[in-house]
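The structure appears below as structure tokens.
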């Protein structure tokens with residue numbers, strides 16, 4: 001009796017007889033045996049690559065402990081050498097620098113707060129052509145200068161200084177310089193109605209030689225690759241402490257005469273801010289270990305004095321406002337002496353303040369003008385967080401180079 005094969009067995013037998021070889025090329029997994037490699041080996045290889053890249057970056061960072069523009073002698077400057085904590089603000093380590101930032105923050109104001117409604121009447125009816133010429137050119141100088149100060153802060157100082165407390169101040173200073181520039185531009189826009197004259201003033205660095213000369217002096221320090229941070233710090237203290245001083249005084253001269261209330265009020269706010277910026281430069285200078293020689297500091301200041309005196313007595317004579325040129329020279333020397341003392345030098349001019357109307361004007365804002373907020377212009381509560389013991393205040397005072405700060409009354 002024959003055994004009958006079931007249908008299922010027939011199918012199974014047929015499958016076994018099929019030729020499973022394909023004419024196509026077979027995939028060869030055996031060559032690399034990748035599917036059989038333990039996962040840990042791949043992970044170890046990846047970790048090794050990451051470690052190698054990290055070590056390479058670490059070596060590169062070690063080779064750049066200083067910013068490219070810093071000098072070998074600045075390698076031990078805590079303010080300038082690489083600070084791994086620079087991305088985090090707290091805990092505060094430089095309390096006097098932090099207090100300076102909070103003081104600047106409390107003094108915030110905007111261009112919209114300046115009332116220019118009465119200025120146009122004075123401009124059109126109470127000023128002569130010489131006075132208009134002088135004021136318009138002073139405003140043109142200021143409008144350009146604030147941009148130059150910001151150029152230095154953005155391109156050099158903010159990147160070079162490695163401590164977050166100082167970077168906070170510089171960040172706020174940049175904002176305030178923008179507000180100053182906006183204010184001066186707004187003043188020009190308000191007083192000068194002729195479009196071509198406006199363009200001439202807005203482009204003062206290119207169109208007005210005496211302003212270009214002052215701008216070139218400041219710009220040279222920004223681009224100077226051979227000077228140290230300390231030298232440039234002194235130079236820009238001179239820009240804000242000396243280059244602006246005579247112009248501020250000339251506008252306060254208008255206040256004494258009861259002219260241009262909007263201009264003179266903005267001048268008071270801006271002069272206070274610039275005094276604080278100069279104070280801050282002197283404070284940072286006191287934290288440097290390697291400072292320029294007293295002779296070099298004196299040379300920078302004397303050079304700035306010469307340029308400022310020439311600017312306000314020859315190129316754009318203050319006599320146009322009815323001010324005495326010799327007294328203006330003396331006033332610039334008086335301001336320069338105070339800056340020299342703040343930087344740890346001795347006075348060289350020993351000039352007294354020749355302008356009685358400046359006696360009650362403070363670059364720190366301690367005024368008695370109750371009708372405006374300039375005397376106690378502070379945002380509520382901002383300064384409360386900076387209250388320290390008298391000992392801390394004394395330390396900050398000493399580190400400013402003595403008992404002088406630019407917020408003292410003239």
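Placement of Cβ uses the backbone N, Cα and C atoms for every residue, glycine included.
According to Swiss-Prot, the compositional bias 'Polar residues' annotation covers 1-20.
Sequence annotations record features per position, and here Swiss-Prot assigns compositional bias 'Basic and acidic residues' to 23-43 (among others).
The compositional bias 'Basic and acidic residues' annotation in Swiss-Prot covers 55-65 (among others).
Secondary structure at residue 177 (Fe cation 1 binding site), taken from DSSP and collapsed to helix, strand or coil, is helix. The feature Fe cation 1 binding site is assigned by Swiss-Prot to 146, 177, 180.
Marked as active site by Swiss-Prot: 184. Cβ environment of residue 184 (active site): 139, 142, 143, 146 lie under 8 Å away, each six or more residues apart in the same chain.
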All-chain count of other Cβ atoms within 10 Å of residue 146 (Fe cation 1 binding site): 24
